[in-house]
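Asks: First, the structure itself, so that you have it in front of you.
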Amino acid sequence: MINDRVIVPLDVPTLEEAIALLDLLPRVSFWKVGLELFVSAGPSILEILKEREKRIFLDLKFHDIPNTVAGACRSATKYGVDLLTLHATAGRKALSQAVEAISTGDKPPKLLAISLLTSINSRELAFDLKIPLELPEYALQMALLAQETGIDGAVCSPQEVSQLRQVCGSDFLLVCPGVRPTWAEAGDQRRVMTPVSAIKAGADYLVIGRPITTASNPVEAWEKVCQELAEV
């Protein structure tokens, strides 16, 4: 089902609030656990999601020396998560060691490289980070680096997904945050696109958070997203 390609973030500070969201949105099959909740609740939230037979996107964005990144990825496989993130800028060696580290697991997660945070715009890339590339070119270079090392896919802005799909091929997973329905505000995401447009551009999964979870009626918001995607 197309709805199974929507990942909803549990971007709340406590385990109790996370459970409340799970209870409120039982039809959501794929949930993202990020830094805030994981630091607060620890592996307990992953165990709860597994008990409820939900798919898990563990979005901790590992970025450290190669040995540490590899060890963190190896530890994460023990929780049975489906998707796991690390920064492409950790470098070729860290990416390669991460791939090797999870290869011995019974059901290893798909590794996703963060190409560039969707909150970063072209001015920040050039003037703050001193990277002399346009956003699409930089995102492509990071995705290609990840693909060369055996990483399964990338997290990227929907603005870059069409180019990445064309260059990286159909087997490279593309997960897009920065997806906003036509009726939702962009918030702090700079490079956004509607769910239908992102899927048509080549995204495998969409991360849609605040338009659903902070809506006055989250259940209604979820249904509206599903209705939009029914067009695809």
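Quick reminder: no glycine exception, Cβ is built from N, Cα and C everywhere.
Straight out of Swiss-Prot:
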ACT_SITE  LYS61  active site, proton donor
BINDING   ASP11, LYS32, 59-68, THR118, ARG180, GLN189, 209-210  substrate binding site
Asks: On a count of neighbouring CB atoms within 10 A, which of the binding-site residues PRO66, GLY209 is highest?
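Replies: Going through PRO66, GLY209 one by one, the largest Cβ count within 10 Å is at GLY209.
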Asks: Hey, does DSSP put LYS61 (active site, proton donor) in a helix, a strand, or just coil?
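Replies: Assignment for LYS61 (active site, proton donor) reads strand.
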Asks: What does DSSP say about PRO66 (substrate binding site): helix, strand or coil?
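Replies: Once the DSSP labels are grouped into three classes, PRO66 (substrate binding site) ends up as helix.
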Asks: Tell me which residues of the chain lie with their Cβ under 8 angstroms from that of HIS63 (substrate binding site), as long as they are six or more apart in sequence?
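Replies: Expected: VAL69, LEU86, HIS87, THR89, ALA90.
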Asks: Using a 10 Å radius around its CB, how many other CB atoms surround ASP11 (substrate binding site)?
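Replies: Result for ASP11 (substrate binding site): 19 neighbouring Cβ atoms inside 10 Å.
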Asks: In which DSSP state, out of helix, strand and coil, do we find THR118 (substrate binding site)?
Replies: coil
Asks: Calculate the distance in Å between the alpha carbons (Cα) of GLY209 (substrate binding site) and the residue listed as 'active site, proton donor', and round it to a whole number.
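Replies: Distance (Cα to Cα, whole Å): 17 Å.
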Asks: Using a Cβ-Cβ cut-off under 8 angstroms and a sequence gap of six or more, which residues of the chain neighbour LYS61 (active site, proton donor)?
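Replies: Once residues fewer than 6 apart are set aside, LYS61 (active site, proton donor) is near LEU35, THR85, LEU86, HIS87, ILE114.
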Asks: Looking only at Cβ atoms, how many others are within 10 Å of the one on LEU60 (substrate binding site)?
Replies: 17
